[in-house]
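Asker: What TrEMBL records for this protein is below:
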{"type": "ACT_SITE", "residues": "His104", "note": "active site, proton acceptor"}
{"type": "BINDING", "residues": "9-28, 86-89, 169-171, 196-198, Ala212", "note": "NAD(+) binding site"}
{"type": "BINDING", "residues": "Tyr53, Arg56", "note": "substrate binding site"}
{"type": "DOMAIN", "residues": "1-225", "note": "domain 'Deacetylase sirtuin-type'"}
Amino acid sequence: MEKITVLTGAGISAESGIKTFRDADGLWEGHNVMEVASPEGWLKNPSLVLDFYNKRRKQLLAVTPNTAHKALVNLEHKYQVTIITQNVDDLHERAGSSHIIHLHGELLKARSTHNPQEIYEWKNDIKLGDVCTKKHQLRPHIVWFGEEVPMLDAAIEIVSQTDILIIIGTSMQVYPAASLLHYKKTNTPVYFIDPNPAITPKNNLFVYKEKASLGVPKVVAKLLE
Ligand code: APR
């Protein structure tokens, strides 16, 4: 079976109703990103950070996967598919995709501030005073700015072995995720779907300048031909 790797960013979940990050005002849901998504922000004001992610978690539980998430599942009829997502939502899982790597963590999990390996499924709010088995405060299971990306090596390995790469809805501005493209084999074709693509078409790089709900079903249909 040929291998397909799909790299997704916030744009694939936009049509489900989750905002992308880099809007014109440079704010993320009204916040400076470093206040709510960095270890420094957490040390300075943990309740603000918890409150921010509690709101994001509530919002996530109120939305559903869209046409683009669902179309990707069909690729599994013909290919060995791995989705590498920068998104912390669970919309690929709920759509039915089988192999998903979350580079930046998962909103529906909490982890110990003491032991990063101690991770819990978490659908409710995380509050100050919610603790792990060793009584340390829980935090969102999110990779913040300046933190290590534990799944990066696995993602590099998968991209380097893939036969086809699809990239959907990412501004390609955040490293190291954006650098994954450089690890593909030279002749691996790339399909890039984004209404405002950060990449120009050339040789085996095909750009679909449109929303995920339109572009993804088109690319999937082409690859299933
Ligand atoms: N369909 C497809 N793409 C879309 C759509 C849509 N309907 N709407 C917007 N986009 C595109 C935008 O054109 C943009 O290129 O989605 C992209 C969103 O870019 P960002 O907001 O920068 O999101 P992303 O690239 O996922 O950000 C990476 O930054 O803050 C961090 O950790 C966070 O994982 C996130 C990382």
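Using N, Cα and C of the backbone, Cβ positions are placed for all residues, glycine too.
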Asker: Just to be sure I understand the contacts, which binding-site residues have a Cβ under 6 angstroms from any atom of ligand 1? Candidates are Gly17, Phe21, Gln86, Gly169.
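Answerer: Phe21, Gln86, Gly169, in sequence order.
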Asker: Counting only residues 6+ away in sequence within the same chain, which have a CB under 8 Å from the CB of His104 (active site, proton acceptor)?
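Answerer: Set apart from His104 (active site, proton acceptor) by at least 6 residues yet with Cβ under 8 Å, we have Gln86, Asn87, Val88, Ile142, Val143, Val149, Ala177.
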Asker: Looking only at Phe21, Tyr53, the binding-site residues on record, which one has the least crowded Cβ, with the fewest other Cβ atoms within 10 Å?
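Answerer: Comparing Cβ neighbour counts within 10 Å for the binding-site residues Phe21, Tyr53 gives Phe21.
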Asker: Return the single residue from the binding-site residues list (Gly9, Gly17, Gly169) that has the minimum number of other CB atoms within 10 Å.
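Answerer: Comparing Cβ neighbours within 10 Å for the binding-site residues Gly9, Gly17, Gly169, Gly17 has the fewest.
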Asker: For Arg56 (substrate binding site), what is the secondary structure by DSSP, using just helix, strand and coil?
Answerer: helix
Asker: Reduce the DSSP letter at Gly169 (NAD(+) binding site) to three states and note it down.
Answerer: coil
Asker: Of all the binding-site residues given, Ser13, Gln86, which residue's CB has the most CB neighbours within 10 A?
Answerer: Ser13
Asker: Under 8 Å Cβ-Cβ from Arg56 (substrate binding site), six or more apart in the same chain: what's there?
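Answerer: Glu29, Val88, Leu107 - these are the non-local Cβ neighbours of Arg56 (substrate binding site), listed in sequence order.
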Asker: State the three-class DSSP label for Ser13 (NAD(+) binding site), counting H, G and I as helix, E and B as strand, and everything else as coil.
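Answerer: Its secondary structure by DSSP: helix.
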Asker: Do you know offhand how many angstrom separate Ser13 (NAD(+) binding site) and Tyr53 (substrate binding site) by C-alpha?
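Answerer: Rounded to the nearest whole number, the Cα-Cα distance is 17 Å.
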